[in-house]
Protein chains: 2
Amino acid sequence: MSFSTEQKFWNLLKEQSSYEEAIGLMAWDMRTKAPKKGVENRSEVIGVLSQKVHEIQTCNEIKLYIDELKKTASDPKLIAALREAEETYHRTNKIPTQLYKEFVTLQTTAESKWAEAKENNDFESFQPYLEELVRYNREFAELWGYEDHIYDALLHNYEPGVTVKQLDQVFPKVRDELAALLTKIQESEVSPDPAILQGHFPKHLQEAFSEEILKRMSYDFDAGRLDETIHPFAIGLNTNDVRVTTKYDERDFRTAVFGTIHEGGHALYEQNIDPDLSFTPLATGTSMGIHESQSLFWENFIARSREFWENHYSLFQSHAPDRFKQVSFDDFFLAVNEVKPSLIRIEADELTYCLHIMVRYELEKALINGEIEVKQLPELWNEKMKTYLGVVPDSDSTGVLQDIHWAGGDFGYFPSYALGYMYAAQFDSAMRKDVNVSAAVRSGDFQLIKNWLSNRIHQYGKMKKPLDILEEVTGEGLNPNDLVNYLRNKYKHIYRF
Amino acid sequence: MSFSTEQKFWNLLKEQSSYEEAIGLMAWDMRTKAPKKGVENRSEVIGVLSQKVHEIQTCNEIKLYIDELKKTASDPKLIAALREAEETYHRTNKIPTQLYKEFVTLQTTAESKWAEAKENNDFESFQPYLEELVRYNREFAELWGYEDHIYDALLHNYEPGVTVKQLDQVFPKVRDELAALLTKIQESEVSPDPAILQGHFPKHLQEAFSEEILKRMSYDFDAGRLDETIHPFAIGLNTNDVRVTTKYDERDFRTAVFGTIHEGGHALYEQNIDPDLSFTPLATGTSMGIHESQSLFWENFIARSREFWENHYSLFQSHAPDRFKQVSFDDFFLAVNEVKPSLIRIEADELTYCLHIMVRYELEKALINGEIEVKQLPELWNEKMKTYLGVVPDSDSTGVLQDIHWAGGDFGYFPSYALGYMYAAQFDSAMRKDVNVSAAVRSGDFQLIKNWLSNRIHQYGKMKKPLDILEEVTGEGLNPNDLVNYLRNKYKHIYRF
């Protein structure tokens with residue numbers, strides 16, 4: 001039996017995708033179910049399969065197929081698959097194997113040094129490792145290449161097509177407008193009382209509520225599962241097996257409710273990718289930022305809206321301690337939308353969250369550009385926190401050391417979180433031209449919303465690049481106004497300014 | 001970096017073993033947790049990884065390594081790994097790829113034809129497929145080769161080293177002695193009342209009881225899990241991740257209790273293999289029969305013994321409906337040891353079980369030998385059931401069509417079940433020379449028993465062949481007397497003959 005070049009190309013991608021699905025299941029298993037003693041062996045197995053993925057991505061064979069097929073390809077799926085495979089081939093091959101191995105070793109060491117440093121509030125002990133990580137990232141960026149800014153080469157890993165130039169046109173506006181909104185909120189006489197949200201929330205009731213909301217979001221339980229974990233995530237193994245995980249805090253229902261809806265938003269993306277893209281690199285979300293737009297859209301634009309709770313508060317009450325029967329809807333809604341500057345990014349409300357990202361973006365860009373040095377980070381971090389959020393960490397542990405990203409060698413990742421907010425707001429504005437979102441949310445029927453997202457975004461997987469999707473769906477490029485307007489309109493009502 | 005031939009050999013085996021671990025996890029997942037819509041894609045992924053295993057097993061490279069290393073190998077682990085890899089290489093390469101593909105296609109079709117035929121009690125519709133399966137098995141056997149009997153070549157797949165000649169020396173004795181015992185039991189005036197075992201057994205209590213027993217057996221929950229499934233199994237992903245599954249029937253506690261202990265016996269074997277054998281083909285049980293000896297030992301020799309229930313009946317009562325407080329120990333013990341000929345193998349008691357196997361062994365051996373034809377099976381089946389068990393199926397669905405094995409193309413497999421009983425009885429006799437088993441079981445402390453099995457059997461994995469282990473542990477070869485004596489002594493007391 002002899003295969004055409006195109007068939008051989010698809011076969012290689014299928015083999016790669018099969019390893020990735022197996023790795024995905026092993027990763028899910030390790031984070032949900034796996035017995036602890038088996039983890040060491042399992043990690044080695046993941047290592048072996050990851051090596052196979054790497055071999056396919058960088059082999060001469062795939063380069064030959066790509067070069068031959070590119071000449072005549074006309075089918076959009078083939079063209080997109082060739083584009084993705086070629087880009088991966090080039091970027092991966094540009095990093096010498098030895099250099100990459102050194103970097104992986106450094107990552108592992110740096111993560112454990114970071115954990116110690118965070119524990120002991122000792123930035124200095126971590127500083128040399130972070131300096132090395134910055135150095136490797138700069139070296140990778142030079143090898144990958146860029147047009148304007150060295151940092152663009154790193155951004156490309158998470159948000160292909162987005163550049164410093166673009167970010168610097170929109171992020172300062174987001175930053176300044178949100179900081180101004182925050183000031184107004186802090187001057188307001190309205191003061192939410194989060195203490196009313198406290199209570200004992202039995203796990204099984206939280207689980208039932210989470211499942212019910214996922215079902216209403218059109219999450220397909222025949223093509224997924226909901227499990228418990230420590231650090232929640234969603235994972236698409238294939239379009240018909242997309243799993244959500246969540247965490248139940250029996251003292252704070254918000255962790256599971258908003259967390260499940262957030263991960264559910266990621267999962268809806270992966271469940272609704274065109275199955276025809278299966279077994280290719282196209283069968284996943286197109287970028288970190290677009291993925292985040294889907295989770296944030298459901299978590300904030302839907303599940304923190306007045307309409308959502310108008311419909312769901314009674315369902316929530318039936319899954320909460322009796323005392324919630326005495327908590328009025330208005331007090332409850334106000335409390336779950338409290339805006340309050342805080343030190344920790346992952347605990348931030350939807351308004352201040354982007355300000356945390358701005359601190360990180362500005363610092364890591366300057367680091368990679370060589371404008372600042374690692375040793376200046378703690379001081380600069382605290383200055384920016386004071387300027388944008390009005391709070392100053394009392395230790396580096398709750399300041400510059402709080403996130404694992406830099407310790408893992410990830411630079412260029414943070415902007416995707418803020419881009420996710422901006423994309424979500426732009427999609428929300430576009431959707432409201434087609435769909436009566438308020439009425440749909442109030443009625444608890446999310447089908448129209450989910451279909452709108454699936455038709456315009458989900459189904460394409462990686463067929464389209466993030467900014468192309470944005471342009472096609474909203475008719476424009478990155479625009480900070482939708483996010484700023486959404487937040488202003490929402491919090492103007494809540495905080496009455 | 002350049003590797004020695006030995007290192008290259010181990011690397012290939014590690015790659016194979018990594019695929020196998022990933023396949024194992026995917027199989028476990030499909031049978032316990034996986035969403036139904038994802039199964040189709042997952043099956044393709046398993047297909048891709050299985051193909052990689054096959055490629056390694058049959059590649060020229062591994063043959064070159066084996067041939068070179070064989071010349072000088074002196075380390076026992078290397079020698080055993082070379083022996084296993086070489087045997088797999090030869091047996092797999094002897095079957096032409098095209099022939100094997102035809103067989104796999106036939107298997108799939110035959111299994112669904114069998115399911116229909118069983119449903120409709122229509123042997124004739126299945127007959128042509130079974131004829132083909134026999135034909136392929138005969139062809140494979142000829143390709144693999146054999147010394148005395150063609151059926152030996154098939155036996156080798158499940159019980160390497162065991163031959164028709166050996167089986168025919170022991171099985172008739174087992175068959176006749178058990179049939180004679182059965183007659184005595186049926187003549188006895190003692191009559192157990194299984195109706196007293198009925199009740200409603202809530203799942204969570206069965207689960208708690210199952211977990212407790214597994215813990216007492218020294219099953220390590222940090223290196224395993226207990227989950228629910230439809231057709232229970234145990235699976236060793238690696239020696240530190242060996243999972244048990246069970247089924248909870250709320251009307252009949254015996255399914256979960258004896259099922260969990262049975263699978264727990266399999267799991268103890270896999271958990272206690274020397275970790276130094278990890279990532280080689282030696283890191284699993286040495287044969288179907290030796291594996292079955294471990295599960296049957298725990299299920300029958302331990303968990304159906306008087307001593308076991310003397311210790312555990314009160315624990316059981318606390319996990320059972322209140323009414324069990326009125327059921328006396330003696331009545332309970334008698335009921336769980338009822339011997340009663342029945343039509344269905346998987347529902348058989350420990351005494352009649354082997355008689356079911358004899359029916360199948362004699363028929364499949366004659367089929368492969370060409371002494372009988374497929375179309376004669378229903379009649380011959382019923383005759384043998386009448387002769388050995390005294391019962392005759394009222395339909396082929398509860399007769400010759402009951403098991404999936406032949407429909408899956410598996411011939412040579414059934415004897416391992418009876419060998420498992422015989423091995424277990426021989427191990428039990430040997431153990432009693434070293435350990436006061438009755439006292440240990442009565443005290444509920446199984447550590448001595450588990451250690452005895454681990455030291456003599458488990459740790460070696462596939463380092464030793466089944467009959468070598470038997471010889472080393474018991475000082476003799478296959479011997480039916482231990483099984484016959486065990487059953488006679490046990491049921492003589494129970495049925496007072």
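Cβ coordinates are placed from backbone N, Cα and C, and glycine is handled just like the others.
Values in this document were obtained by computation on a predicted structure and should not be read as measured data.
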Residue from A:Glu228, A:Glu292 that TrEMBL also lists as binding Zn(2+) with A:His262, A:His266: A:Glu292
Cβ-Cβ neighbours of A:His262 (Zn(2+) binding site) (radius 10 Å): 23
Under 8 Å by Cβ from A:Glu263 (active site, proton donor/acceptor), same chain, sequence gap 6 or more: A:Pro232, A:Phe233, A:Ala234, A:Val244, A:Thr245, A:Thr246, A:Ser295
Intrachain C-beta neighbours of A:His266 (Zn(2+) binding site), sequence separation six or more, cut-off 8 angstroms: A:Ala234, A:Val244, A:Gly285, A:His291, A:Gln294, A:Ser295
Other CB atoms within 10 A, centred on A:Glu292 (Zn(2+) binding site): 25
Neighbours of A:His262, A:His266, A:Glu292 excl. site residues, C-beta within 8 Å of centre, Zn(2+): A:Ala234, A:Glu263, A:Gly265, A:His291, A:Gln294, A:Ser295, A:Leu296, A:Trp298, A:Glu299, A:Gly420
